[in-house]
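As recorded in TrEMBL, the features of this protein are as follows:
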type   : residues : note
DOMAIN : 1-102    : domain 'C2'
DOMAIN : 113-253  : domain 'C2'
DOMAIN : 319-513  : domain 'Ras-GAP'
DOMAIN : 568-669  : domain 'PH'
Amino acid sequence: PLQYLQYIFLFTDDAKHLVPNKMRDFFCTINLDQEEVFRTQVVEKSLSPYFGEEFYFEIPRTFQWLSFYIYDKSVLQKDLRIGKVSIKKEDLCNYTGKENWFMLQPVDSNSEVQGKVHLELKLNELITDNGSVCQQLVVHIKECHGLPLINGQNCDPYATVSLVGPSRNDQKKTKVKKKTSNPQFNETFYFEVTRSSSYTKKSQFQVEEEDIEKLEVRVDLWNNGNLVQDIFLGEIKVPVKVLRNDSFQAWYLLQPRENGNKSSKADDLGSLRLNICYTEDCVLPSEYYTSLRNLLLKSSDVQPISASAAYILSEVCRDKYDAVLPLVRLLLHHHKLVPFVAAVAELDLKDTQEANTIFRGNSLATRCVDEMMKIVGKHYLKVTLKPVIDEICESPKPCEIDPIKLKEGDNVEINMENLRYYVDKVFREIVRSSISCPTLMCDVFYSLRHLAAKRFPNDPHVQYSAVSSFVFLRFFAVAVVSPHTFHLRPHHPDAQTSRTLTLISKAIQTLGSWGSLTKSKLSSFKETFMCEFFKTFQEEKFTESVKKFLDDVSSTESKEPSGVSEPVHLKEGEMYKRAQGRTRIGKKNFKKRWFCLTSREFTYHKQQDKEPIYTIPIKNILAVEKLDESSFNKKNMFQVLHGEKPLYIQANNCVEASEWIEALCRVTRCNQKRLSFYHPSAFLNGSWLCCKATAESTEGCARCTADVPADTQIEIDGDRETERIYSLFTINRSKLQKLEEACGSIAVYQGPRKEPDDYSNFTIEDSVATFHTLQQIIDILEQLSESHEKYQKKRSSSAKYGSE
């Protein structure tokens, strides 16, 4: 089936000059329309808070606006919204891939809208009792979709339908629909269209132009407040002149009110710095990607490697990281990463003249290894570092040893003892962790080690520094200083803890760098206080521990421990679950619980780190599917079907629900008793709401969703990654052509290059082989482009929107 995928990578950086103009506690939320999907940590006592948090997620639904709200945190009252940045979906491409400052805009209830409304409009001609022709406007309001939650609950929506002109405002109102974000109205309203007295001069079958030009249909959506004021949900306006004598039916995206509150000055609210990367991919069926996939997968066999499709991709992309992420995931998925990394690392080593600078740059080889470690090393980091990182963040001890940064009353000797305690503990956990190092990482380290020894045969230490430059400098040290990035902590730590982690990270880099504890190396420290700190370490003891660890993680021998392996921790978080066997009425029906998913079981607990209240073995799960909103009038619900009654769960937002469903489906995909059919709604009051069957044991009335990728630890869909690579090649088509021209020039003219500027940035070792690969890539792009054009035409013809 076709998939329409939207990914976003966000770096929420910092804000400045916020109002109110005094030191406050701020946090930022990320919203799809009005639905909050992520929240940063609270930055205390600041006017220019630095958040420094990254978010990468797949967007599971359509949306109009990506919004960021800055809040002033309050202890006793409701948090105050200071201002917002809202970017229309169509405008995201203008900001992607670069850092931008955005002025905060005032938050106005009249502009906080989301959702769409389905209308059918028609002009009828009627003959009145006196024989004259009357124009009648028919407005059929069918339904709405995706209206926002009000105070965390589904709204009670109703619509007003108006015919508005210079001298008229006829308004009618639908019935209120209770507790739903997708109300079905199916109500029809009739309005007489007034004509001027010049009607007799016109054809009796033609609508009077002057009237039509001035009239418009306006539909306003409201939430019924009962005893409080109704809340505006959005509006749409349609000029009557577009109808003529034809019927028109379309979905309209709800828009903000034009006359919203404009009293606040945006310039007074401050600004927010963001780095946004938004991609939108249409993934075709797998067979469409066969040629491109095969060309990429044979890259490691191409001689020289610089003539391969994978290498060429990195050459033409402006930022190598854009190419590395989908490339590494695709090669990982098809077990082709290790030979490719070995090939590009060997090319990297050709240009390395000094052994002490080995793998220190941001080349294709180092980027690929970095990304591989992030993907396959998640669980390894969690079992190795999470306990000690939790201790540092939850019970922090003062560790500042820089005399300039010491506060009044600080004792530098005690701080140094605290720092030494943390460094010893982190170092000890790392060097004891080799048995947990993933086999794939060991295979890559093995290749790098032997390539380095081959390149510098007279340096006995280079084989170790080749591995330590990755596993210590680019893996453990980075995870220590940024635990939130590697999912070791939910949020960016506070300023004092961040400083402690930075000092620990520096120490781990030094201890892990081969031979860095020698006196000559210590003297090169920029910070004299770090030099003094390392004088307390015994060089021989730490060097031997590092050597043994590096030997272990760069060995091809199996690292699996004897006995039963530990379960892999996959996901955890807070959600709401419906109490088993309770009535449908009342808030007590749903309770907040802490959920945890491992490769063995799915559990929920009263609180985090408490014993589980309920456990479902993974092997007992029969299906995981979405649950219709109508079951409990709640959004973002899904169900876990197992041997007993279904477990109904409500996630906090659409992104979280999608991630949980995907994770549960992945880990249960190979279960032998998986269901083929399920009930999309709940069994309530003696019947299934979906099919009205009265027996609870009745087989499901809807087919279960398609299978998902089976690898529970590496979440990769090869077709998605291949589509992303196709998009990157397409975006950089002009560079492919330049590279092709450069190859042709070199092949024809073998003398000195007269115009090096045209292709001096490209690595061309074999112009003939590179030219041949380029021709294959361009041919494949043309074929895929035709397939995409056919799909887009089909999509645009089947989807009809009355507004953008």
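Cβ from N, Cα, C; glycine included.
In terms of DSSP helix, strand and coil, the domain 'PH' (568-669) has 24 helix, 43 strand, 35 coil. Residues in the domain 'C2' (1-102) partition by DSSP class (helix H, G, I; strand E, B; coil) as 6 helix, 65 strand, 31 coil. A mean pLDDT of 86 is what the model gives for the domain 'PH' (568-669). Within the domain 'C2' (113-253), the DSSP-based counts of helix, strand and coil residues read 14 helix, 75 strand, 52 coil.
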